[in-house]
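Over in Swiss-Prot, the protein carries these features:
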BINDING   CYS96, HIS138, HIS142  Fe cation binding site
ACT_SITE  GLU139  active site
Amino acid sequence: MIYPIVAYGDPVLKKVAQDIEKGSLDVVKMSADMFETMENAHGVGLAAPQVALNLRMFVIDTSVFDDEKITPVRKTFINPVIEEEWGDEWPYEEGCLSIPGVRADVYRPANLRIRYFDTDWKEHVEEFDGMTARVIQHEYDHIEGVLFVDHLSSIKKRLLKGKLTNISKGDCDASYRMKFPIKK
């Protein structure tokens, strides 16, 4: 099932998401639906709050990057906790399915260690670096109620204010179905 993607301005995007209790929902189906939604929108990651679910879960697929230095990773992260981030912060022009048409440089540490459960409720602790770490950090921010634009300087935020307001009203171009917080 392809979910509509929640647009900038929806309160669910600014909430700290809730842990998922084992057995409380079908995480295998939810993961499959989130991957289908992400792929339909040509994304590399999608967090549950972006499909209006206030839950600590996200999916990533870095195989879409055409770069031999990036090891493809396709995973579901349930109740993740970033235990440590380290390394030099580096900029990359990020975008977000909830904020179509807006991109900006965000600085993030190069490495991380994360603890999470998979869809079989097996616990993992793994380290990631480079672009995969960045995608995880971006999606993790979503379950913490943080958007990539929150990392920008106040000047850049002011410059984007009109565009962000328009997105919240549905005045944007997206090739996928979206849910807008403010009706036109």
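Glycine is no exception: its Cβ is also placed from the backbone N, Cα and C atoms.
For the recorded site, CYS96 (Fe cation binding site), the DSSP three-state label reads coil.
Counting only same-chain residues six or more apart in sequence, the Cβ atoms lying under 8 angstroms from the Cβ of CYS96 (Fe cation binding site) belong to VAL102, HIS138, LEU147, PHE148. If you take the C-beta of the residue listed as 'active site' and look for same-chain residues 6 or more apart in sequence within under 8 angstroms, you find GLY45, LEU46, ALA47, PHE58, VAL59, ILE60, PHE77. Non-local contacts of HIS142 (Fe cation binding site) by the CB criterion (under 8 A, 6+ apart in sequence, same chain) comprise LEU13, ALA17, ALA47, ALA48, PRO49, GLN50, PHE58.
Taking all protein chains in view, 24 other C-beta atoms sit within 10 angstroms of the C-beta of HIS138 (Fe cation binding site).
Highlighted in sequence order, GLY45, ALA47, GLN50, GLU94, LEU97, SER98, GLU139, ASP141, LEU147, PHE148 have their Cβ within 8 Å of the centre of the Cβ atoms of CYS96, HIS138, HIS142, the residues recorded for Fe cation, and are not part of that set.
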